[in-house]
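Have a look at the structure below, then the notes.
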């Protein structure tokens, strides 16, 4: 087993850092939208537009996807050709199917957000346009009536988007570590966790939602189960490699048996991302904002490092 001298540049590397950030941002979008819909259905109802969590999801849901795509587009050798991928679908391409998925997801998301913020959008239209385009108010009033359809559909699409981030990497069949059936579920669960953490950070810092708010409590109670599930999935992920063929064992040993990416995994993903939030949750007194933000930031950092680790360490060994 020979590890690359430069952990960020080696001959078998095909996808580099923009893909890791793209996958991280898609996970945030999927997770934030999932729990925003659940929170609205559980307790907020028609008052959802006033709550900081929903406002945070309204920014994170579409914003994370758009920002991730912009990073990918400008990283291309010929970014002006990206539109071809946007409108020329290939049903045998995981990347193309993902583009189709996020287009449908974004369309349904904007319809749902339009219904949630119908009153606010109508007020903005009147302020900026006066009596012009009054038909928009009629459209906005109709959007909330579509929620019985859009909310279950949006939940399904958000879950599919979260899982897609793992399917995208598992399609690289020449890399034993990435061609793993656990990867989509692992990325879905960690994406849900990143969505919770991002919503809490944005809601409490930007929208001044108090740390003891019922919406914060609703999200926070999912954090520990998701962290434990993520740890179990990581165990399953590496157990599958250990009991696989020779190249899978080599891939696992190269990834976590020593070297730069091994340190990223043990200290960053496991130590900072999984253990630290659990320890801080038990040891730090009270339920204040500082404790909450510290736990969320550790979780987000660990999840971002997980994306980097899987992407780079997974490409070090070729079948």
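Note that Cβ sites are derived from N, Cα and C of the backbone, with glycine treated the same way.
For 20-40, 52-74, 94-118, 153-172, 184-206, 226-244, 264-285, 292-313, the entry in TrEMBL reads transmembrane segment.
Counting Cβ pairs under 8 Å to the transmembrane segment (52-74), the stretch among 94-118, 184-206, 226-244, 264-285, 292-313 with the most such contacts is 184-206.
Taking every listed stretch (153-172, 184-206, 226-244, 264-285, 292-313) in turn, the largest tally of C-beta pairs under 8 A with the transmembrane segment (20-40) is reached by 184-206. When each of 153-172, 226-244, 292-313 is checked for Cβ pairs under 8 Å to the transmembrane segment (264-285), 292-313 comes out on top. The stretch in 94-118, 226-244, 292-313 that contributes the largest number of Cβ pairs under 8 Å to the transmembrane segment (184-206) is 292-313.
When Cβ-Cβ distances below 8 Å are used as the criterion, the transmembrane segment (94-118) is approached by residues 26, 33, 37, 40, 48-49, 54, 58, 61-62, 65, 69, 85-86, 88, 140-141, 143-147, 150-151, 153-154, 157-158, 160-161, 164, 167-168, 171 of the same chain, each at least six residues removed from its ends. Tertiary neighbourhood of the transmembrane segment (292-313): same-chain residues 7-8, 13, 15-17, 19-21, 23-24, 27, 169, 177-178, 183, 187, 190-191, 193-194, 196-198, 200-201, 204-205, 211, 216, 220, 223, 227, 254-256, 261-262, 264-265, 268-270, 272-274, 276-277, 280-281, 284, selected by CB-CB distance under 8 Å and a gap of 6+ residues from either end.
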